[in-house]
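Pulled from TrEMBL, these are the features on record:
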type    : residues                                                                     : note
BINDING : HIS46, SER63, TYR134, ILE135, ASN136, SER151, HIS220, PRO221, GLU222, THR237 : iminosuccinate binding site
BINDING : CYS108, CYS194, CYS287                                                       : [4Fe-4S] cluster binding site
Amino acid sequence: MIMEIADAKKNLQRKGFLDIAVDPTLDLFAVIEDLKKKKNAIVLAHYYQEPDIQDIADYIGDSLGLSQQAAKTDADIIVFAGVHFMAETAKILSPQKKVLLPDLKAGCSLADSAPPELFKKFRDKYPDHIVISYINCSAGIKALSDIICTSSNAEKIIESVPKDQPIIFAPDRNLGAYLIKKTGRDMVLWNGACMVHEIFSLEKITKLKVRHPEAKIIAHPECEPAVLALADYIGSTTALLKYSKQDSAKEFIVVTETGILHQMEKENPDKTFIPAPPNNACACNDCPHMKLNTLEKLYLCMEYEQPEITMDESLRLAALKPIERMLEISAKAGL
Ligand code: SF4
């Protein structure tokens, strides 16, 4: 076993996770619950995680809720079942805590679409602009930003900035275009996008709507403008979940990552949720990065406290400022 662990740790660098065989007869739910108690650990999971991970999590949420939880938890270990920028955000907010990510390779195409060196050059072309960045970006981009926002609070964050102050919005061009429409602010946009939200098929969603005329189309603002134009309701993951509960419709076509359907179905057993199809051969749209995390990897990372998120302190402090600004504005707005 000792050899196995040593080999697995060597593989950690290459594979991004501890590659140790897990006994298939192990009750992972029970073992993870024990590890949480023994190690004073908390599991935070994003709505796009697989159902088993959502069910074992202490807190499930979208980026805003997860960062608020990460800021206030008194656990010694934060296990982040999400993608790298989310675990990084938890580390920025709670440097004294050990932050673990079940698979270090759980990245994000949107975060990757904004390399900090290129973004700095872009920002320098607009010296009188402030930078508002969507939380789905690397610590390097956060450090180059003035305020962070999430899809839950973006409108309020933009409205908190004086009207005569020009703004750069990064990294998601679709969310940026949606916010320009909602707030009437003429922002300069960085040209990034999420690989999951930009490939929904307009044609297939239209066909679904013909087959389910009573269904409401609900969409995340990271989708392309033409897809958003079809939607009855647009909102963050949390807002979509809330809407599906409060609205009287019995059927919904859900235009975002399919992980959210687990909570929608749990909270509304009498309603039907249809995942919107992407522009490829698949029937639903999973984020390949989010789905790298598994219950086995979650267990292993808690047992061996690896892979751990670490960060240079000067980068952390620079990235912390705009996140704190976001949390202050959100608290004032009662979000
Ligand atoms: S769904 Fe899109 S924005 Fe979210 S983690 Fe996956 S690639 Fe990134």
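Placement of Cβ uses the backbone N, Cα and C atoms for every residue, glycine included.
All TrEMBL annotations are machine predictions without curation.
Values in this document were obtained by computation on a predicted structure and should not be read as measured data.
Known features from TrEMBL, placed on the structure.
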residue : record                        : Cβ neighbours (10 Å)
HIS46   : iminosuccinate binding site   : 26
CYS108  : [4Fe-4S] cluster binding site : 22
TYR134  : iminosuccinate binding site   : 29
ASN136  : iminosuccinate binding site   : 27
CYS194  : [4Fe-4S] cluster binding site : 24
HIS220  : iminosuccinate binding site   : 28
GLU222  : iminosuccinate binding site   : 25
CYS287  : [4Fe-4S] cluster binding site : 22
Integer Å distance between the CA atoms belonging to CYS194 ([4Fe-4S] cluster binding site) and GLU222 (iminosuccinate binding site): 7
Nearest-integer angstrom distance between the alpha carbons (Cα) of CYS108 ([4Fe-4S] cluster binding site) and ASN136 (iminosuccinate binding site): 8
Entries of HIS46, TYR134, ASN136, HIS220 (binding-site residues) sitting next to ligand 1, with Cβ under 6 Å as the cut-off: ASN136
Where CYS108 ([4Fe-4S] cluster binding site) falls in three-state DSSP terms: coil
Inter-residue C-alpha distance, CYS194 ([4Fe-4S] cluster binding site) and ASN136 (iminosuccinate binding site) (nearest angstrom): 9
Distance from CYS287 ([4Fe-4S] cluster binding site) back to ASN136 (iminosuccinate binding site), taken between C-alpha atoms, in Å: 14
Spatial separation of HIS46 (iminosuccinate binding site) from CYS287 ([4Fe-4S] cluster binding site) - C-alpha basis, Å: 12
DSSP-derived structure type at HIS220 (iminosuccinate binding site), helix or strand or else coil: coil
Environment of CYS108, CYS194, CYS287, the listed [4Fe-4S] cluster site - residues of the same chain whose CB lies within 8 A of the CB centroid: VAL83, SER109, LEU110, ALA111, ASN136, MET195, VAL196, HIS197, GLU257, HIS289, MET290
